[in-house]
Structures are given as structure tokens and as C-alpha cells.
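Here is what TrEMBL records for this protein:
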DOMAIN    A:124-222  domain 'P-type ATPase A'
TRANSMEM  A:12-31  transmembrane segment
TRANSMEM  A:37-56  transmembrane segment
TRANSMEM  A:241-262  transmembrane segment
TRANSMEM  A:268-293  transmembrane segment
TRANSMEM  A:576-595  transmembrane segment
TRANSMEM  A:601-619  transmembrane segment
Amino acid sequence: MNKKQKKMLVRIVIAFVLFAILFICEHTGLWEGIEHTWILFVIYLIPYLVIGYDIIFKAARNISHGQVFDENFLMMIATFGAFGVREYSEAVAVMLFYQVGELFQSYAVGKSRQSISDMMDICPEYANIEVDGKLTRVDPDEVEIGSIIVIKPGERIPLDGVVVEGESLIDTAALTGESVPRKASLGDEIISGCVNGSGTLKVQVSKEFDDSTVAKILELVENASSKKARVENFVTKFAKYYTPIVTISAVALALLPPLILGGGFGEWIQRACIFLVISCPCALVISVPLGFFGGIGASSKLGILVKGSNYLEAVAEMTTIVFDKTGTLTKGEFKVQEILPEGCDKEELLEIAALGEGYSNHPIAGSIREAYGKTINMNRVGQAEEIAGEGLRVPVDGKEVLLGNEKLMKSSGIAYKPCESLGTIVYGACERKYMGAIVISDSIKDGAKEAIQSMKQVGVKKCVMLTGDRQQAAAAVAGELGIDEVHAQLLPGDKVSKVEALLGAQEGKEKLAFVGDGINDAPVLTRADIGIAMGSMGSDAAIEAADVVLMDDDIGKIAAVVKIARKTLRIVKQNIVFALAVKALVLLLGALGLANMWEAVFADVGVSVIAIMNAMRALKITK
Amino acid sequence: MKKKFKLEDLDCANCAAKMEEAIKKIDGVNDANVSFLAQKMTIDAQDGKFDEIMKEVVKVCAKVEPDCKILV
């Protein structure tokens, strides 16, 4: 509890004791002898002012500022009304109950805010810099690029950088939700926000604090609440009309029936007061954003950044997921999968291919060299001649070597054996004699199949894969993973139009997500209802273009975020229905003269507190 | 230009919504966001007039919710 809340508690206790004394006096018949009601009025005014002076003060001040329909004003009118009809004890009790509710509400909100910010507690407080052999603590903001910082065991890594000395295990759980620590040694990049394990590390800073991963994530999460979900906008709009309507109804209720039906005003004013107490939409206005905030908080605990409540809402309605193949479903690393020699042995074919591709910087050439694994003596290789769209002609050891695709073999008139394997195929020939083929392909990510399955389990209807690869290779991958629809041989620009076509086929509220690694697919990420990017830890383009970022590139977590989103939406809807139902019921009973002030106060602050506690459930992660 | 400010004693969510609305109406303000949960306010306003606009923001907020302080 903060100072303000403690002060309030003291006031509540004093007012409660005074009220209890008066209550006993009233019920033991002590008041019977008093003839003048104004004496009672004065007596009850004491606890009333103790508990409610600030409300009256604020109400008066706000009216002078032109803010009429606020809670303070309404409470003032309601309790004044009770005084007016000589329900003195009720006036005090309502004010007391209201303040207790407010205190509880402010405490609950404070607590939930605290637990959410604890969850986001990834902000480093200092960095250690070595000056003249001594360690000094400085603000991470002041450290320049290129400086060497020292991270002691157990400390939070303050800035992104590269390890220049030492070895340690790093706990990345706060950023990625991954519980297995990552090893960091000389030359490894490490990211701010993670916690250093048991070793001391010396790190050369590569980014300023403002550009560091941790600063970016914090900014994202803080801004997330500014992108409002439809439900939130509905609540805001509703609140705008609700209060004036209820207040005007209250006035009508106080004036019209007595004027039309005749009789005293007292009874009707009391009923109108009930209306006024219920007229604040606080339960909705607080609990709905709090629920979304909790959902976003729970996602980030799992290493999934959701950039706004609107995206969380969209994720809950997601029925189609479109995947980019390379880097998302597959590792994006091309590897030699098969070597099929013809009239020579594997080593020979690979050696010649590695030599021939020695100068090329094509990724395929790189993977062939990697598979060869030995140092390449480039003195054996002559000037390579590139044949566009076909391959290479290159002298190796003075012999003419051809390396390339089927077209090259055909155009050079080589008697080759067509290879049926999936992937990219490099055919080789030496001195016009066919030597065989090397198959290079990408491998499917571990857990990709399970990820797709889990998405289907949570209700994703259609999984689509887009790729620039050949139809055959694409279909094979899709078959293995259980993908429903494949579009292959796409140029980068085609991806946008394919996604647009799929978007057009969506019905009603159904939402489409695109999952990509952030390389070359920023336009598609933006175009889809929900752009999900592989964070690959620090890839700025991806983090910026996407709406949801998977910090550890694990698509298996998509199902988890769907679950969180659905739960959050469910909680939010429960709160809306619950708050509105209770309010409507008490309004109705109040108008009929069946509800009293106590029920009205419950419908106001009581409902708020319950809704806040319900909203806090969104923060809990259920697996 | 976008700037963030911390808020103190922002006690009610409805007031935060009212403050946000009032700030958005100020001339020169492109966008404003008052987060009750983060107790923070983000204001996106014209560069040249930012200080002037901020004065107006403080005034408007004092009107809507006098208890809330903007830590400039």
C-alpha cells in the first residue's frame, strides 16, 4: 500500500468506528428523545465528512472545471439525496462502502500493475566498465559502441555485444521463454536483457542502449496498450454514452413519476440516487484494458511479443496461417544431402565440384565447399566462365569441368542421367564425360511438424505454404508437415498477391496470419491481418514490420499465443457481460424500488473489484 | 515528434480516457495516448510548437483530473 492508500485506510477505520457507535445508538432507541432532526443531521454529518470530504471537494472543483459527470459528483449527489430524504445512516454507509471499494480497487490495480511490470523486469540497471583496472558501474545509457564491459556471474546483460573474453552459460528465459541456458564464448553475440550464468564475460558493446534489444522490447511492450482492440474501443464508446444516459434517467426518475402520479418526491429521489451510484462505467473501463495487458504480458513471458491488444484479438480469430517456407518451416541452411557419382567415387566428384565452385559466392557453392570440408588449393583452378541460368565452365587441373543444372548438360550435349531427388541438383562433367550429380537441399526444422499439428488442434483451419522453390520439392515438404495448400515457384512479388487472394477468400471475422523470417517479406508481413516474424534475436526489420514476434524463432509457440489470446478475449467478454448484467439488473430493481443503496454500491465498486480480479487471470499462463 | 511522460497519481481509468480525448483535441497534437496501466502518456505533436503544446496539455489535464501530475 502506498501513502495515499494508508491514509485512506485510517480514514475508513475512524469513520467506521464513528458510524458503528451511531448505529448502536440508533438501534438502542437513544435517538427517540431527540425532537429536532437537524441534530441528527449534524451528528451523522461528522462521520460523513471524515470519510467523504475529499469526494465533495473534488466534485465541487470538477464542476467548476466543467467536468460534471464524474464519480465524485455522482456520489455526492447520491448521498446528498439520502440526507435530503433523512436516510442519514444510509448516506454515511454508502459513502463508507464506496470508499472501501475504491481503496480495494486502487490496491488491486496497483498490485496487477506491479505483477505485470515485474514480468517485464528485463531492464538492466547498470553496466560495469573497466577503467584503469578498476570496475565502475555506469548507466547503460552512457556506454558507447566499442567499449568493453564486464558482466559478472548472475548479472543482467546491459547491452548487446560480442564476447571478447570468458565463457559462460546465459539464461535467455526473460526474452525467449526458453529455459535451457545458451552457451556463450569468445566471438559469440549476446543480447541485453538476458542473465549471465556462472562465468565472467568481457563483452565489446555493439549497439547503444537505445538500439539494444532490451530497450526495443520494452518500448514495444509499453506501446502495445496504445493499439486498442475492437472490444476496447467499444468499451470506450459505451462509457461515453452510458454515464449521461443513466444520469438523465435518474433525473427523470426523480421528477416525472411524482409529477405525473402525484405523491412525495422522497421515494423517487432515493431511487434516482441508486441510478447515480451505478452510473460509472469503471468496472469496464479498468478491467478490459487490464485483461489485454495481462494477455500481452503472459505472451511476452513465453517469448512472444504481441504489439497491441488489437493483434491479440486478431490472433484469437485466426483461422488461416500462411508460412514462408525457407527459414520458417525449414532451417534455411542448404546442405549437400546426396552425392550420386557416375563412373567415379563420391570423393572425386565432390572434390571437383568444390574446386570448380571455389570462387563462387552462391549459397549452393558454399554448401558444396562445406561438404568437401578440406582446404581448396585454388592454384589448381583456372578462370571460370559463368553461363547465365545454367552454371559454370571452369578448368580444373587443366581439364574442362562443367557444373550446373540440366540445361547446361543439355546445351553442352552431355549424356547425363536425370536425377529425381528433391532439392537443388548440380550436375558435373569433366572433359565432356558425365561425373554425376550432387543434391543440395534445405532441411525441415525440428518440431515443425508438431507445431503445425498443435496449431490445427487449437482451431487453425488452413495452413498454407508459399515458396520460390520448385513444385516437387515444395510438395514434398508440405506433405511431410501436413500443410493443406502449397503455392510454389513464386517470385518475391507473387507472395503479396497470393496472400491478398487468400485474404479475399476469408469469411466474416476470420483472420489470416503470415509467418516469415523477416528477410524479404516485410511487405507480406504488413499486408496480412497478423504478421508473425521470427525475431532471430535482434533482426530489426522483422521486429519492426511484424505484429507478433517470436523471439526464439519457434513456430511451435504460435499455438500457445492463440490459446493466450482466446483466454484473454474470453475473460474480457466475461467481464463485459458480468458488469453490464449486474448493472442492468440493479438499475431495473432500483427503478422498481426493489434495490437499496447497498446493492447499488456493490454494482459499482464491487463489480469493479471482481472484474479486476478476473482480468488478472489473463496474466497466468496455462499450457 | 513523439515524447513520453510519466504520470503520477492517475487514479481512475475513466479519467485517463477523458484526458486522452481532451489532449487529442489540442491544436497541433497528432496523436496522444494515456495509459492508465503504465501510468504513462505519449504525445505526438508538431515539432516546432512542442513546448507550447505541452503547456496546453498540462492545463487541459489539470482541468480533467487535477490530482494527476505530469512529470515533464
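Placed from the backbone N, Cα and C atoms, the Cβ positions cover glycine too.
Automatic, uncurated: that is what TrEMBL annotation is.
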Looking only at the recorded stretches A:12-31, A:37-56, A:241-262, A:268-293, A:576-595, which one has the largest tally of CB-CB distances under 8 Å to the transmembrane segment (A:601-619)?
A:268-293
For the domain 'P-type ATPase A' (A:124-222), report the average pLDDT of the model, please.
83
DSSP-derived helix, strand and coil totals, residue by residue, for the domain 'P-type ATPase A' (A:124-222):
20 helix, 36 strand, 43 coil
